Structure formats: C-alpha cells, structure tokens
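S.K.: I'd like to ask you about the structure that follows.
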C-alpha cells in the first residue's frame, strides 16, 4: 500500500486505535515507521491529543527527539510517517541487558563497557544516555514544553552512528533532518537516545501550573499522584526515576497502584537507597537523590540540572577509542561546524532475516518527533523545518540520486476540533513489537512457582513478593492516565492490580486466561468482545466517543466473558432490547419521543451493546430472577454471587440508558463502521439538519436528561461492584488468603472464585470507562441543547437557580428538570414491562420474551432498591433485611421502597408461574427446540433474538 512517497510494509505493532507498520521510501529504499490511526475509533479527546501531538512534532527538530517526517490524512485514517528506531526502548534495553552482548548492534558496546554484576548498565552508558536526555529536555524547556510522560518506554534507541561506518547495519532509516542521527552530545560509538510520544506534551511556561493527571504511575511525580497542581519539575522527578532504573535495574518505587505508590514515596522520606553491591558513583547517586525529592520546591531545578557536573563534565572511564581528540560539543564556530563535512552517521533497522535474538530487540516508535540541535545557532536553525534527507546505504545497489537532499513537500495538517474535557480519557496505544513469548515466559515462571500448592516457606514467600513487585512493574508499564477523575483512576488501578496479580493468575494456564492485559505483549490486534459478526467490527465497547477511557484501557484484552446470551448475531442485543422495548409503543413515555421502529439508527440498544452475562456456573442461572437461595455458601462464593448480581443490575440500567443514548446519536460509530451503512453515512454528513436525528430541541433536552441520570445510576452500581471486589481483595491480602486454607482446598473453589471475580472486575472496568465517556458526551449534549431553548423556557441556562443542580450525581454545571430521576424512570419502565409481559402471557404471545421481560423488570427494580453500602460478610440474613428496610436510597423514600419490594415479589411470583408453564410446553413439544408454539403470535420484529439458555 502506498502512502505518499512511502510503501507500507508489514505490521510491526498495534494499539487500541492505531497500527504501526514498517515502511520504505519508494525511491531511496530507506526505512520509516508509519503509524496509521483509525479515525473512527477516536473520540473527541483522542483526536485532540493526536492534533496536539502533530502540532508539537511539526515544530520540533532535534537529534534526540524522534522526528515526524510526514503526515497524510484520508477519510478514514491519519498516517504519521516517523523516524525508525531499531533498538527498541530503554525499558527493553535494561530488561535484556544480559543478552546485549549477543546482538550485533550492541556487542561492541558491551565489549568495551560491560554491565556491572551489581547494577543495570555500565555507568559510561548511563551518563551517555543521561546527557542525550538532558539535551532534549533543555530544548523542550527553551520552548516552555513539558513532556509529562518521561519513562523508559518513551525513550527509544537507535544503533550507534559509528555502526554504519563499520558496515554492521544493512537497513538504513530515512532521516527526518540533516543531523537527525548526529548526536548533540555523548558518544558516537554508543546507541543514540531519542524522546518519543508527545501525546501528553503541552506548553507550560515556567510560572504556570497544571493539574491534569498524566503519565505512568511508576514514573509519576508525587505531586501528580496527590492530584495537586504541578509544574515542569514533574519531568525532573521522572528523569530521576529513569536514571535510578538505568543504574539499579528497577524503578525506585514499585507498587500495585498509584495510592500504594504514593504511600511508599511518602514513607521513604526522601531516603533513596541503593543496593550495597551497586557500583554507581557518588556523583550519580547524589544527582538521583536531588531529583527524587518529594517536595517539588526542594527538588533540583532545571538550570541546576543542566549545569550538573554529570551532565556537563566529560564521561569518565572511556576506552581509548572513545577518547575525544578535539572538543566536539559545542563547536567553536557554528557556521564552520555546519560547513564541516560530518561523518556519514546513520541509524538502521534490524534486518528481517536476522537471528531470533536480534529480532526480539526490534521496536517501532509510537507517536514521535524529530530535530537537530547544534548550539549556539539552534534557535535560528530550528525555527523552520530542515530539509528532509535520506541516508545512503554503503555498498548498496540502490544508489540514491546525485543530489543528497530531497525536499519534503509542505505537510498539511487538518484543523482538529477544540478540546473538550472528559471525565475520563483513553490511554494511548502502545505501538510496540514486544517479544510476547519472552514476556509470557517471564510471567509464567512466577506463576508456576506459586501454583505448585506446596506449603508456604520462606523461599516461596520471597518468590511471591518478587512476583508482586514484577506484577506492579508490569502494571505500571501498561498504565497511562489522561484527565482522569479520581474514581476512574481507582477503578482502573484496582482492575490492573487484580489482572496482574500472580495469586489470581497462579493456577491458570496462560491460554485459559480471559481477563489478562495484553497490550504490550500482544501486537496482533484487539480481540472482539463477541465472536458474532456485527460485534467483530466494533472491537471495544466504546462507540460514540470510542476509545479507551482508561486506562487504558481500552486494554487490548480478550473479553472477560466468552459466553453470551446466545450465538446468533442478534442475541447479544435482543435479550435486553426485547425486554426494554416490548412494553409499549410509547418508547419513552413521552409524546414527542419517536418510536424505535422509525429511528434512523435501527434497533436499540446499538450493535455494540454487550450485556453482562452471569458467569456460567452450576450454582447460578444464566439469567436469574434475583431470588435468594438457601444453599450454604462460603465467603468467596458469596462474593462472586453478590458481585455478579450487582454487575447484572448495572447492565440492565445501562441497557435502558442506551435506548435513550441511541435516540440522541442515531449514527454511532458502530453503525458508521458497518459497511452496509456507508451510503447512509455520507448522506447524513451532507445534511446537517439530520445531526440530531430529526428531534426537536425539547426532545433532545429530555432524552439527554434521562440518559444522563441513568448513566449516573449505572456508574454508581459499577462503582459498588468494584467496592465489593476491593473489599474481598483487601481481606485476602490481610490474611494472605490465597496461601491459607481457602486456597489450599482440594476442590480449588477459591481459585475459581478468584478467577471469576477477576473476570467480573475486568468487565466492570471496561463498562465503567465506557459509561464515563458516554455520560460526558450526554452531559455536553444536554448543555448544548439547553442553550438552544427559548430564553423563557424553564430549562434555559439563564433560568437555572444556583441551587438547582441535580442531586443524583450529575456534574455541577448540569441542571436537569425537576422530577427527572433514574429511580422514577426505572420504576416506570419496570412496571410497564411487567404489565405488558403479563398481558402477553395471558394471550400466549411470546412466552420466552415474557420471561426476559420479567427478569429484566426484577433486575431493574432491584437496582432501584440498591444502596451504595458494601455487604459485610458474617452478617445474618435477618439483620441484613432489617437494615435494608430502613435505608433511604437517593430518591426512594421508605414508603416508596416498600411499594417497590411488593412489586418485585409480585413479578417473581408471575415469573415462577411462567417458568412452570414453559416447562410444561417444552415437554409437550415434539422436538427439543426453543421455538415458540405455532399457535402463538409471531415475535415482534423489533425484539427478534435468541432466547437465553436456561
């Protein structure tokens, strides 16, 4: 595939929203990295981040910043052409330091500067990388830029410039500028370091403060972890953590979540300890301690950092070949330096036909940038983009044209929409080609150690602690935060902790896991949430503002649940939509709301709606009525049952909200990506009047209000689910439960319970992030619609009183009409569904649909009665029921609560009678099929779908 002057080759990396390919210049045969971003998967925030990244990279040209070479936009993708870095990132470089001597690009470096046995990298290499990192940071600070995500994964490495002169490199990269691979500082015989990924970067003058939570936890400054405003010094903390990791081999602070990480930092009280056998010099240790000050006021500032002796002084301990003959940085005369012929320094790419050990270090940059720095003339040279040139391959048959430079056509960059604040924002994709087998083997080794089931010993305890630390580090490598509300951070941090816990994963084979993270170790693309064809095109559940709200997640993970309501393409959506829409022709109970059959978007909920499926265990039904059973259950099984019931209730509320949401957004991305709807999509774009699906402003306001309060209710139930799982996990950690009797039982029930809880947690995390994103969209839609109302309308912003904000959890800048509450909407819908189902039952119409309607109504009413209190185990049932009767929930008062309880009891009775009737009909049926008896009326076409398995 041709992209401008480049030919796209094999895929070498994949993220949630972009795919990275190896590319080659069609004429010079020099290599590039092509990052193809799928626009249909980007929400407003991601598009804004991408636009910001492109804007920043357009103006940055420095040898230690990865260059953006070109940019091409089509109707469906944006293709970013970037410099190709072949040695991967610094984290892999450190992790695989013991094998660097076997790699052809680094064997000479290891021969000259072997890694010390008590440390990570040789101090010569550490100082070399630090000098180059400082050079890039100084360039950024001169332009009031803060990167906000300095970490080893964003520091990419290229082969040393001298390796090209020796003929070691066979594949040559395309140069973003004349000096792209001429180091501004450091040694030409060592790998070249470049900063990558400017998705979080922003302009921040020295006197300004920011308050956006960005970066990766292990490298976050404590002021960011405390949700305080911060300045550019946050980057210096990250530099300190990176420097420590280069010296020691692991981050200075490791934890399973950001809360625990902050606790460890505070507990350390600025006492940075180094292993006794570590050979780092006192200068390096002093610099690390100065950078890792908790209080940013006490932390080393940028001028002092740039003037530190480690940065400015020559590197001690150089071999004779690397001793400088004359000062090279900075040149005495910039013009003379520019006119002096430079060595033909180049950075290459790993040859596809290389050895396995060579290929496993291969890496492709993510969103990146590039530029050249040669003081003192850098301000003049960096004002405009330099000429773009390629590198010539020595001894290659593909000789470049006689002119060594090739002008790059002016790059055109689309105008992106203005930024919109979101309650949560998706993390960036990690476009990395990691060695999955290596990573899996590392983690499996730890899991096998734990899963042997032998009694706990000191040696095993040490291994378990090491596994926990490794899990914490893996979690941190996977996590990025952008504009994340505190609750979202907690939800995603806990889900990551559980997914990476060796105690959860210990007894499970890798192939059987369904909730594990797979972003970095998996580059083959996201696994669809449902194997059915319509779902496969959707990917993640994020649709109309599609993207991973962190956390990333969107995680590139497999679905937490493989079993759905059925295997037909419509079964995943019809089970809930049938129940929600069979009740009445008046879809919302509002005269102006158009019925479902005439909406442009088709059926509702949307195609991407993935209902929560109860886990298929012997002790529970696939779809239950919420009735209590008297079977004695242990604590783990009780937790699983309560957690799954709470998640199911949240899913029913979510399905109701989706009906409203679908009316507001008739052309969701799930429909846009459907090939059958492309023609309609073009028509909609041409007709601006159809943007709101033909709804009046009043209808938009009402639908937005109803969707918003329902999403808030769903969020509260999802948060409670996380709290239940969190309380269970805390009890396990306090008692080290997986090593006690609970885990040592022969039947392994506790192991299964842990797996099921983890699966539910991963599902809840994805749904929580999705609801946050959609809730933010609905909130903005409501605010916009309210402004379009007549000035004398009660809902117009000018008529809002100060104290009239919604008390049910909506944002403080949103005011909804009096009487609009999630509980009332849910009660009315449940009552309507149950009444309609009762009528259909009496007339013998769609008995299977009646069962679904009854169950859905029960779940919805249970959600109305739901409180935010986490159940306490060991509490008697009688006490629980007494306490629950006294609780006043949101808009549900005590008297109203009794009405709801009686209605639930009545519906359960009708459901029990219906199931008896269905059982009798099933026995009379000539064949064991789930078809409705022929005497009944045909199914409503709106609600056609597979019946849930019993």
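Quick reminder: no glycine exception, Cβ is built from N, Cα and C everywhere.
What Swiss-Prot lists as domain 'Protein kinase' is 6-311, and the listing cites sequence analysis. Residues or ranges marked as ATP binding site in Swiss-Prot: 12, 13, 14, 15, 16, 17, 18, 19, 20, 35. Feature annotation from Swiss-Prot assigns active site, proton acceptor to 149; the stated evidence is sequence analysis. Annotated region 'Disordered' per Swiss-Prot: 314-425, 443-467, 505-570, 671-690, 926-950, in sequence order. Annotated compositional bias 'Polar residues' per Swiss-Prot: 370-389, 447-458, 511-520, in sequence order. What Swiss-Prot records for 549-565 is compositional bias 'Basic and acidic residues'.
Where in this structure would I find these features, and how exposed are they?
M.R.: Look at residue 12 (ATP binding site): DSSP puts it in a strand.
The DSSP secondary structure for residue 149 (active site, proton acceptor) is coil.
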S.K.: C-alpha of residue 18 (ATP binding site) to C-alpha of residue 149 (active site, proton acceptor): distance in Å?
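M.R.: For residue 18 (ATP binding site) versus residue 149 (active site, proton acceptor), the Cα atoms are 19 Å apart.
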S.K.: Quiz question: given the binding-site residues 18, 20, which has the greatest number of C-beta atoms lying within 10 angstroms of its own C-beta?
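M.R.: Counting every other Cβ within 10 Å of each candidate, the maximum falls on 20.
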S.K.: Can you tell me the CA-to-CA distance separating residue 12 (ATP binding site) and residue 149 (active site, proton acceptor), as a whole number of Å?
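M.R.: So the Cα of residue 149 (active site, proton acceptor) lies 23 Å away from that of residue 12 (ATP binding site).
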S.K.: Taking every protein chain in this structure into account, which of the recorded positions 12, 14, 149 has the most other Cβ atoms within 10 Å of its Cβ?
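M.R.: Compared across 12, 14, 149, the most Cβ atoms within 10 Å surround 149.
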S.K.: What Cα-Cα separation, expressed in whole Å, is found between residue 14 (ATP binding site) and residue 149 (active site, proton acceptor)?
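M.R.: Residue 14 (ATP binding site) to residue 149 (active site, proton acceptor), Cα-Cα distance: 20 Å.
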S.K.: Please report how many Å separate the Cα atom of residue 20 (ATP binding site) from that of residue 149 (active site, proton acceptor), as a whole number.
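M.R.: With the alpha carbons as reference points, the distance is 20 Å.
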